[in-house]
Amino acid sequence: MRDTPRVVAVVVAAVAQIVGSPLGSALAGRSVGDVSDADRSLVTPAGWAFTIWGLIFAGSLAWAVYQALPSQRAREVHRRTGWPLALAFAGNAVWEVVYPQGGAWQYVAQVLIFGITAAAAVAYVRLQTVPADGLARLLPRATAGLLLGWLTVAPVANVGSTGVALGISPDTLAAQAWAVAALVTVAGIAAAVLLGSHVAAGPFAAAVVWGLLGIAAAEGPREVAVAAVCAAAVVLVALAGRAITRSDRRALLVG
C-alpha cells in the first residue's frame, strides 16, 4: 500500500499535463502559443520547437502507465523518481492553465517554471545512481532527460517573455546583450550537467539543442542567432567529451 499514493499521483499528474493546455486555453480564450507570440522576446524559440512537448507528454504517459503495473510499483527506480516527476508533471499542468491568463498570472507562471525545473532536476539526479533494466530503465531516464533538457532553456524564454509583457523593448542593445548572456548561461549549465551525467545525457542534450536551435531560427538579431548556435555546439561538444570518457555509452546516450 505504501506505493499506491505515489503510483496514482504519477498517473493523475501525467494525464493532467496533457489536459492542462486545452483547459487553460478554454478558460483564457487564448492559447499558450498566442501569449508567447504576443510577448515574443529575443529568446523565444520558433513555434515548431514547442512540438517537443508532444514527445515529452508521450514519454510521461508511457512511464506513468508502466510504473503503475503491479510488477513495477515497488521497484526502487520508480520509488526514487515517482514523486519528483509527479510534481514536475503537476506543475506543468498548473502552468498551462495559469500562463494564458496573462496579467499578474505571468508572475505566478514564472515562479512555477523554476519549481518545475527543480523537481525535474531532482528526478534526473536520482536516476544517475539507481540501477534498472528494460523499460524501467529507458522510460524514466528518457522522459526525465527530455523534460529537464527543455526546462534548461524554457525559464530563459519565460523570463524574456515576461520582460516584454512588462514593457521592456526587445529592440535595444541591452536586450540583445541580456539574450546573449542568457544563452551563454544555458550552455554553461547544460555542459556542467552533461559532464556530471552517467545516464540519460543523450535525451537531455537533444532537448537543450532543440530549444537553442529553435531560438536561432526565430528570426531574431544575427548576434542572438549566432550565440544560440554556438551554445548548441558547446552542448554537443560536452556530450561528445563525456561519451569519450564513459564506458557504458548506451546508458549515457540513450538511457
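Here the Cβ of each residue, glycine as well, is placed from N, Cα and C on the backbone.
Listed by sequence, the residues of this chain that lie at least six past the ends of the transmembrane segment (50-69) yet keep a Cβ under 8 A from its Cβ atoms are 7, 10-11, 13-15, 17-18, 33, 75, 78, 82, 85, 89, 135-136, 139-140, 142-143, 146-147, 150, 207, 210-211, 214. Annotated transmembrane segment per TrEMBL: 50-69 (among others), in sequence order.
What TrEMBL lists as transmembrane segment is 81-98 (among others).
Within its own chain, the transmembrane segment (104-125) has Cβ neighbours under 8 Å at 81, 84-85, 87-88, 91-92, 94-95, 98, 140, 144-145, 147-148, 151-152, 154-155, 158-159, 161-162, 165, 193, 200, 204, counting only residues six or more beyond its boundaries. Per TrEMBL, transmembrane segment is recorded for 104-125 (among others).
Long-range contacts of the transmembrane segment (146-169) within the same chain, counting only residues at least 6 positions beyond its ends with a Cβ under 8 Å from a Cβ of the stretch, are 35-36, 39-45, 52-53, 55-56, 59-60, 85, 88, 102, 106-107, 109-110, 113-114, 116-117, 120-121, 123-124, 175, 179, 182-183, 185-186, 189-190, 193, 203-208, 210-212, 215. Positions annotated as transmembrane segment by TrEMBL: 146-169 (among others).
Annotation comment: TrEMBL describes 175-195 (among others) as transmembrane segment. Panel annotation: around the transmembrane segment (175-195), residues 41-43, 124, 148-149, 152-153, 156, 159-160, 163, 168-169, 201, 204-205, 208, 212, 215, 220-221, 223-224, 227-228, 230-232, 234-235, 237-239, 241-242 of the same chain, lying at least six beyond its termini, place a Cβ under 8 Å from a Cβ of the stretch.
Proximity of distant same-chain residues to the transmembrane segment (200-218), defined by a Cβ-Cβ separation under 8 Å and at least 6 residues beyond the stretch ends, is recorded for 40, 43-46, 48-50, 52, 124, 127-128, 141-150, 152-154, 157, 183, 186-187, 190, 193-194, 224-226, 228-229, 231-232, 235-236, 238-239, 242-243, 252-255. Taken from TrEMBL, the feature transmembrane segment covers 200-218 (among others).
The transmembrane segment annotation in TrEMBL covers 224-244 (among others).
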Problem set entry | Other parts of the chain folded back onto the transmembrane segment (81-98), taken as Cβ under 8 Å at six or more residues beyond its ends | 6-7, 9-10, 12-14, 16-17, 19-21, 23-24, 27, 32, 60, 63-64, 67, 105, 108-109, 112-113, 115-116, 119-120, 122-123, 126-127, 130, 140, 143-144, 147
